[in-house]
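Peer 1: Take a look at the following structure, please.
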């Protein structure tokens, strides 16, 4: 029979081959429809004439992805540096105050600080130094007053350093009080174009006029510092070599400064016996960095 001699002509195989033909035809039809919708890559497209739509579609919101509420690495580094600074202040400020108290007391006794007898009408204390009086000693209130003044001076120095740093970075308004009359001041930064990027210290520009700004004067503090720097440069020309170093130090972040102070405070005395042989090499590298 035919199904024994020609098994490929059976109904089952015919159905299988017919199904394959239908699938191939469907794929071909889908490909042609895709080319009709998006264009055949092998055909030349005619230029499209731009038209203006009468209806405005809302702008799409594109840009950087939203920041996750989790803490970023820089924030974590800042938190760790802040904790180190707090620990540093908590452990070292009493020692600093005691050393400054010792120096202050030694000014009154050039021959050496005598011992405090600690005699009191109510309490009898042992002999001790005037910089470490117990609460039962009469000199405790004076020691406490000296320490309080020292703490105020240290706090004032830190505040001045912070204000100078913020002013140098341009984060403080250089003219906090608005003048009564608006005058055009020829600031060094304000004579540039409005589109240019200003370098600190910033001028307080009220409004741009003809490429310049109507400014307020730069504060006297920065002007005095600039005058002193120009005066020093006029008499000591070698200070020009320090300008790249100062610019580099000014670009360091506040966190890096705290970490540097932390390392110098703890490892500085131990490194004094190691660094002297390498100082000429450091000077040579600095000269190469400046001149090359």
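Placed from the backbone N, Cα and C atoms, the Cβ positions cover glycine too.
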Peer 1: Checking Swiss-Prot: are residue 139 and residue 230 on the same side of the membrane?
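Peer 2: Each on a different face of the membrane, per the record.
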Peer 1: Among 13, 212, which is the one flagged in Swiss-Prot as N-linked glycosylation site?
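Peer 2: In Swiss-Prot, 212 carries the N-linked glycosylation site label; others show none in the record.
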Peer 1: Which range is it, out of 106-126, 127-147, 148-168, that shows up in Swiss-Prot as transmembrane segment?
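Peer 2: Of the candidate stretches, Swiss-Prot labels 148-168 as transmembrane segment.
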Peer 1: Kindly point out the range from 76-96, 181-201 that Swiss-Prot annotates with transmembrane segment.
Peer 2: 76-96
Peer 1: On the DSSP side of things, how many residues of the topological domain 'Intravirion' (262-267) fall into helix, strand and coil, could you say?
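Peer 2: Taking each residue of the topological domain 'Intravirion' (262-267) in turn, the totals are 6 helix, 0 strand, 0 coil.
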Peer 1: How does the model score the topological domain 'Virion surface' (1-75) in terms of mean pLDDT?
Peer 2: 48
